[in-house]
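Participant: If you scroll down you'll find the structure; I have some questions about it.
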Amino acid sequence: MLNFTDVTEFILLGLTSRREWQVLFFIIFLVVYIITMVGNIGMMVLIKVSPQLNNPMYFFLSHLSFVDVWFSSNVTPKMLENLLSDKKTITYAGCLVQCFFFIALVHVEIFILAAMAFDRYMAIGNPLLYGSKMSRVVCIRLITFPYIYGFLTSLAATLWTYGLYFCGKIEINHFYCADPPLIKMACAGTFVKEYTMIILAGINFTYSLTVIIISYLFILIAILRMRSAEGRQKAFSTCGSHLTAVIIFYGTLIFMYLRRPTEESVEQGKMVAVFYTTVIPMLNPMIYSLRNKDVKKAMMKVISRSC
């Protein structure tokens, strides 16, 4: 008979047990977190105050920045606290909350990226109908679905996490409460959780990625039909930022969640998780601003008005 324990908290093993590395990581991730907050909040404010950015593309981008703020804030503050603390713990309730928001925000982000791909197709493939087809009402509907679906999916996934049983050590080999190390640590109730995690991740990633791939196939066809070299260059420039963000985000998530949790995969996943929980939210504003002339112009106007 299994010796189940009434878990009240978990120990987060984090990235390293060496004190000198912990201090270094604290400084690095604090700087990354500050840049993430400034970049994403700055992007939201810029889109809000700039009339030239008042179109569907930047409407979706503002929501992507909003999700990245919460995505990073769900993990980073607790990680920073534990890097300097001798007691590297998280309560059971705190762990479930972290799991809930993490899964919800991942699903919201992948479907926002899909909506952005569809928006780019409408702008490039049907420019004359773009204004009527991508109206404010349509954009609100497209952005509402990811939030509702993401949070409902996360609620179900978190309830399955709640059904896990733990015995013996309650050490999570990670720097936040992630599903793979929790499943690896559990001693019962893992079957449903493990396979629903893989199936749900597979279905949602496949569906959203299919929308993106189909949208880009139509975009490519539309670009090849363009007679103007300048038009082609502008279209490629517009899509390049989004495509870069898609490849980085999906690549890391697929590596993390579409494999059965093993000791090796959990250890590898921990390194990958650093990238998509801290680095990607920091990079997104840079990706979308450095390669976007409209954002640069809007930024210069705001700076010139404030000087």
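Placement of Cβ uses the backbone N, Cα and C atoms for every residue, glycine included.
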Participant: Is it the case that Arg232 shares a side of the membrane with Gly94, at least as far as the topological domain names in Swiss-Prot go?
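Facilitator: Different domain labels for Gly94 and Arg232.
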Participant: According to DSSP, which kind of secondary structure is Cys95 (disulfide bond) found in, if we only use helix, strand and coil?
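Facilitator: Cys95 (disulfide bond) sits in a helix per DSSP.
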Participant: Would you identify which of the disulfide-bonded residues Cys95, Cys187 has the most other C-beta atoms lying within 10 angstroms of its C-beta?
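Facilitator: Going through Cys95, Cys187 one by one, the largest Cβ count within 10 Å is at Cys95.
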Participant: What residues elsewhere in the chain lie close to the transmembrane segment (24-44), defined as a C-beta under 8 angstroms and at least 6 residues from its ends?
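Facilitator: For the transmembrane segment (24-44), the far contacts come to 15-16, 61-62, 65-66, 68-69, 72-73, 76-77, 79-80, 83-84, 278-279, 281-282, 284-286, 288-289, 295.
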Participant: Helix, strand, coil residue numbers for the topological domain 'Extracellular' (159-194) per DSSP?
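Facilitator: Its residues divide into 16 helix, 4 strand, 16 coil.
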Participant: Who are the chain neighbours of the topological domain 'Cytoplasmic' (45-52) in space, where the CB to CB distance is under 8 Å and they lie at least 6 residues beyond its ends?
Facilitator: 58-59, 61-62, 294-295, 297-299, 301-302
Participant: The topological domain 'Cytoplasmic' (216-235): mean pLDDT?
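Facilitator: That region's mean pLDDT is 83.
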Participant: Mind checking which residues reach the transmembrane segment (236-256)? Cβ under 8 Å, same chain, six or more beyond either end.
Facilitator: 57, 106, 109-110, 113, 116-117, 120, 123-124, 180, 201, 205, 209, 212, 216, 219, 223, 268-269, 272-273, 275-276, 280, 283-284, 287-288, 291-293
